[in-house]
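Per TrEMBL, these features apply:
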type     : residues      : note
DOMAIN   : 2-182         : domain 'Formyl transferase N-terminal'
BINDING  : G12, S13, N14 : N(1)-(5-phospho-beta-D-ribosyl)glycinamide binding site
BINDING  : R65, N107     : (6R)-10-formyltetrahydrofolate binding site
ACT_SITE : H109          : active site, proton donor
SITE     : D145          : site 'Raises pKa of active site His'
Amino acid sequence: MKRVAILISGGGSNMVALVNSMTGDHPARPVLVASNDPAAGGLTKAAAHGIATAAVDHRQFGRDRAAFEAALLSHIEAAEPDILCLAGFMRVLTPAFVERFEGRMLNIHPSLLPKYPGLHTHQRAIEAGDAEAGCTVHEVTAVLDDGPILGQARVPVLPGDTADALAGRVLVQEHRLYPEVLRRYAAGDRTTVYL
Ligand code: GAR
């Protein structure tokens, strides 16, 4: 059974989708939900699911990313995860942190990578006149929103779409895609899935 730690920064809807999927014959179980924001709504949801939680407020470390990550890492290592899932985790991780979890860290990003790494993905897709948008689950490497793509799901961009409306449509697909990719990944399957 693989042990999964999940890093969040906000409401944690993807975290909840992952947690809900890890039952029965699923090859993994959640062991920790950690956040850089003590007020992240997802922490309460994780605790309600009976999962251990940790909060390390990045603001207490100023610009010292290494010190923030060392504090975060102490919680993560204590949980002895096999796989680390970034689920709406909004801090950029240093190459040293990424290296430590190389080959066992996943991220979900709200665009069809390699299009639109970074922020404001939905607005950028609308402004570019794209007919389709979507989400990507990929392995994390030291380059932001890069790394081998493990899964993608697409949605149409509709006439008159706002960034919020499109984000909502993409989020529904995120909740399908991430659990599907994690299930395969935990079973050792690294092939790319398209939903
Ligand atoms: C999700 O849309 C996720 O793809 C995005 O943040 C949202 C978190 O929602 N992640 C990023 O933008 C990472 N760069 P959630 O907290 O409800 O899962």
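Yeah, the Cβs are placed from backbone N, Cα and C, and that goes for glycine too.
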Sorry to bug you, but what's the C-alpha spacing from N107 ((6R)-10-formyltetrahydrofolate binding site) to N14 (N(1)-(5-phospho-beta-D-ribosyl)glycinamide binding site), rounded to the closest Å?
11
Using a 10 Å cut-off on CB atoms, tell me which of the recorded positions G12, N14, N107, D145 is the least crowded.
D145
Checking the contact step here: among the recorded positions G12, S13, D145, which have a Cα within 10 Å of the Cα of N107 ((6R)-10-formyltetrahydrofolate binding site)?
D145
Taking DSSP three-state, what's S13 (N(1)-(5-phospho-beta-D-ribosyl)glycinamide binding site) in: helix, strand or coil?
helix
What is the interatomic distance between the Cα atoms of R65 ((6R)-10-formyltetrahydrofolate binding site) and G12 (N(1)-(5-phospho-beta-D-ribosyl)glycinamide binding site), given in whole Å?
23
Residue, out of the recorded positions S13, R65, H109, whose Cβ gathers the largest set of other Cβ atoms within 10 Å:
H109
How big is the gap, in Å, between the Cα of G12 (N(1)-(5-phospho-beta-D-ribosyl)glycinamide binding site) and that of D145 (site 'Raises pKa of active site His'), rounded to a whole number?
19
